[in-house]
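Here is the structure we will look at.
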């Protein structure tokens, strides 16, 4: 089951949990309130529930990515890119089939929430939400990336408030100017 919490302000290793003291857990309904969707699945690539979700949501393309120094070309550069705060014009859909890592997302007050991803976790980040990704201290994740149609993974680093996806996200969240 996914765990999420508000992050501390430490500049220590990005792969550390970064929990506040005392911890401030974030519940699934709080994630849903900022547009983040979550499912707990088996962790198998051929999960039947995943097949149903893919059909219902139109996820017609998928691939697998292994993020580890031994398997990912240009590892150091990729890790820096993933951890740069950004948004996408489409949903970001990830299903963890091995290992673990963290997605950090901004809440409505612009505070960081850290979402721990482990085997079996399926997460959907809405288009226009500022976020970033990092491995945890185990330095390994294997994830299925899902897309509607042809894969597009174009990050727009913050600030990207001029993008229509960001404006629509803010409007949906009741935060439009």
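We number each residue from 1, going along the chain as drawn.
Cβ from N, Cα, C; glycine included.
According to Swiss-Prot, the protein has these features:
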type	residues	note
BINDING	86, 88, 92, 131	Fe(2+) binding site
BINDING	86, 88, 92, 131	Ni(2+) binding site
REGION	1-23	region 'Disordered'
8 Å Cβ shell about 86, 88, 92, 131 centroid, Ni(2+) site members excluded: 87, 125, 129, 130, 132, 155
Any residues 6+ beyond the ends of the region 'Disordered' (1-23) with a Cβ under 8 Å from its own? 30-31, 38, 40, 83, 102, 104, 107, 111-118, 121, 123, 134-137, 139
Please list the DSSP helix, strand and coil residue counts for the region 'Disordered' (1-23). 0 helix, 6 strand, 17 coil
